[in-house]
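**Student:** I'd like to ask some things about the structure below.
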Amino acid sequence: MSAGNIVEIIGAVVDVEFPRDAVPNVYDALRVEDSGLTLEVQQQLGDGVVRTIAMGSTDGMRRGVTVANTGAPISVPVGKGTLGRVMDVLGNPVDNAGDVQTEERWSIHRPAPSFDEQAGSTELLETGIKVIDLLCPFAKGGKVGLFGGAGVGKTVNMMELIRNIAIEHSGYSVFAGVGERTREGNDFYHEMKDSNVLDKVALVYGQMNEPPGNRLRVALTGLTMAEFFRDEGRDVLMFIDNIYRYTLAGTEVSALLGRMPSAVGYQPTLAEEMGVLQERITSTKKGSITSIQAVYVPADDLTDPSPATTFAHLDATVVLSRQIAELGIYPAVDPLDSTSRQLDPQVIGNEHYDTARAVQNTLQRYKELKDIIAILGMDELSEDDKLIVARARKIQRFLSQPFFVAEVFTGAPGKYVSLKDTIRGFQAIVAGEYDHLPEQAFYMVGTIDEAVEKAGKLK
């Protein structure tokens, strides 16, 4: 264990000088003697000086303070002791419930599983949300991204998925809150507690008020905990909210480290940093990690480098649209933009595939007719097109659904719709079996039977 002294402090970046024969390795954790603050080595500058990023506030720090090298990367507790606990980036508890009791600690920097260790899966994961199960089904052991701009419902969708999957799924879950609001973290904790699934969830938070070092590493902390459960042979759920903040923390750190920015001011190592995280979120022959990640889309621009880099790593993309949210249709999932690799007749079966494609074709045709309707009005359409518009509007409304986690806002009880009921409902609408019902009957209901019942009340 060598010791050095602080020579320069620029915000979250701290330069430390060590004896030349005892320079720490990149990613080694250093400990500041006075405050107990942890620093992570990012660069070796030469002449015994290393540039580090602080895992906490550098307020009140001064030059000359002694820093000890721990000789190892940051390690965090892993195992059953993490379940039901709220921890920070270093694995320290923040829930006032005593120390986290685990037998092992793992380094947060680990190699991704090798090619021959990985295992693919085509098994579907039912979410109980109609639009997702029908048009962008999730694979067990797959990676899913929830893309959306500010205020279109990423976190609410994420919480509904956690509620539906974590309650139905008997395994363990890990939630990494990366650079999000403390209020949302608090809401999520109480939601889990009220649902009695807190004892199966490990929570790791690095909120948006934390220094960039915390926000950059907190996703790796959560992932390390999930990897331990996977390597034990379990099926783990990994939730990350929000991947964009991980990228943003990387941008802040990159600028502080003096790297030249690339497109739109992002770090030049954007693709590599994203790859380091995403390549580790994978299923092996021992167990699986199914990950659901919220991705903020700056200014609703899906071609921005951050969301564009994330797209390449995902099996399914759920795109939330502001135009659909403006219509009052929640979840505001864009049925034409959202995609999944699972949407293949060999994986999901012909009935599901044909229904999904028929729904998308109807909605696409309606989208094309909207210009004609806006200029000439509905009366100028042919009878066939009028029928398509009527069915498309019913489909659009039937894609909405009341959420369990939104009960407190809407007063409407949440609905979980099985895949079988979802396919049956959309098949019937596309086939014209419900052409006689008003479109309002399909808004904010669960199954098609509820829509028929609602139509009876509307008459």
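Heads up, the Cβ atoms here are built off N, Cα and C, so glycines get one too.
Below, the features straight out of Swiss-Prot:
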- Gly148, Gly149, Ala150, Gly151, Val152, Gly153, Lys154, Thr155: ATP binding site (BINDING)
**Student:** Within 10 angstroms of the C-beta of Ala150 (ATP binding site), what count of other C-beta atoms is obtained when all protein chains are considered?
**Tutor:** 11
**Student:** Taking 8 Å from the centroid of the Cβ atoms of Gly148, Gly149, Ala150, Gly151, Val152, Gly153, Lys154, Thr155 as the cut-off, which other residues in that chain fall inside it around the ATP site?
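**Tutor:** Same chain, not in Gly148, Gly149, Ala150, Gly151, Val152, Gly153, Lys154, Thr155, Cβ within 8 Å: Tyr296, Leu320.
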**Student:** Identify, among the binding-site residues Gly148, Gly149, Val152, Gly153, Lys154, the residue whose Cβ has the fewest other Cβ atoms within 10 Å in this structure.
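**Tutor:** Ranked by other Cβ atoms within 10 Å, the binding-site residues Gly148, Gly149, Val152, Gly153, Lys154 bottom out at Gly149.
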**Student:** At 10 angstroms around each C-beta, which of the binding-site residues Gly151, Thr155 has the fewest other C-beta atoms nearby?
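**Tutor:** Checked Gly151, Thr155; of these binding-site residues, fewest Cβ neighbours within 10 Å: Gly151.
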**Student:** Tell me whether Thr155 (ATP binding site) sits in a helix, a strand or coil according to DSSP.
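**Tutor:** Thr155 (ATP binding site) sits in a helix per DSSP.
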**Student:** So, three-state DSSP: helix, strand or coil for Ala150 (ATP binding site)?
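**Tutor:** Ala150 (ATP binding site) sits in coil per DSSP, no helix or strand.
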